[in-house]
Amino acid sequence: MAGSHPYFNLPDFTQPSPPSTPSSLPSHQRCRPSNATKGLLVALLGGGLPAGFVGPFSRMAYQASHLPSLELLICRCLFHLPIALLLKLRGDPLLGPPDVRGRACLHALLNVLSIGCAYSAVQVVPAGNAATVRKGSSTVCSALLALCLESQGLSGYDWCGLLGSTLGLIIIVGPGLGTLQEGTTGLYTALGYVLAFLSGLALSLGLLVYRSLDFPSCLPTVAFLFGLVGLAGSVPGLFVLQTPVLPNDLLSWSCVGAVGILALVSFVCVSYAVTKAHPALVCAVLHSEVVVALMLQYYVLYENVAPSDIMGAGVVLGSIAIITAQNLSCEREGQVVE
């Protein structure tokens, strides 16, 4: 799994890249970013930023045509199914090798549960707040699971960044939790926050399972399984729990297409990044999704953004800077210099 994934044209971070310094410099002065640094950059640019658009676009689709959350999940899963063609062209089994097939399907199921809870939460909770709770719970749970199950330690700077990110999320969500309305409206809002928390918990478990997978076609296989498992679970659930809706306006179809494409890009980049960097650090860098979602919440959805949201977003950005800066390193002649 540490190798490249030719299906998505991702660079092979495990092989030495050409030095960016002039060839006249001595070899011991040439350096390149470490794998952890590249993994965090992939998570930031390819995982967090695109994912920040998913929540607001999902809410726009719901507001425009009352598109149910399970139907939106089905549309997203459809974008994963064409990956089967890539697997068939390479002669790889669609469900992965028999010895890891169970864990691969478990990873897909956890991701489907995470996305389903997130789409349900964003329909009753502001998009920025739903993304905040989801990312906060995923970061905390990833750190605890990695410490308990993988015995992976973090440096003082990493803990500082994680605590700062969690503090920023509490600043954003705290005032809203303290002013929940009584009655049915308050109950639905509280349920939305619970679903967002469960979404983050399922995401952290899925990332941990993915790190245990090790076979050449791992990334495209789990991406295809996400679509397959998602369709198998959401299609029956849609007709039992919700009412299917056929969008009849361009805005809804545009939002559905944007959600499918951006979510697929984010899924691939996050899955790859978690093999290069600590899962808790990847989840912390993914907090950039919160900042993007809050901006779209204010400028596109015209929903109120409180001063506490802006303050919390600033703390989150500062924490991301701390984590990224601490993990920046150069590799010289086989050793890492920080």
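Even glycines carry a Cβ here, placed using N, Cα and C.
Keep in mind that TrEMBL annotations are predicted by a computer and have not been checked by a curator.
Per TrEMBL, the listed range annotated as transmembrane segment is 159-178 (candidates: 59-78, 99-118, 159-178). Between the stretches 39-57, 134-152, TrEMBL puts its transmembrane segment entry on 39-57. Using DSSP to sort the residues of the domain 'EamA' (191-324) gives these counts of helix, strand and coil: 106 helix, 0 strand, 28 coil.
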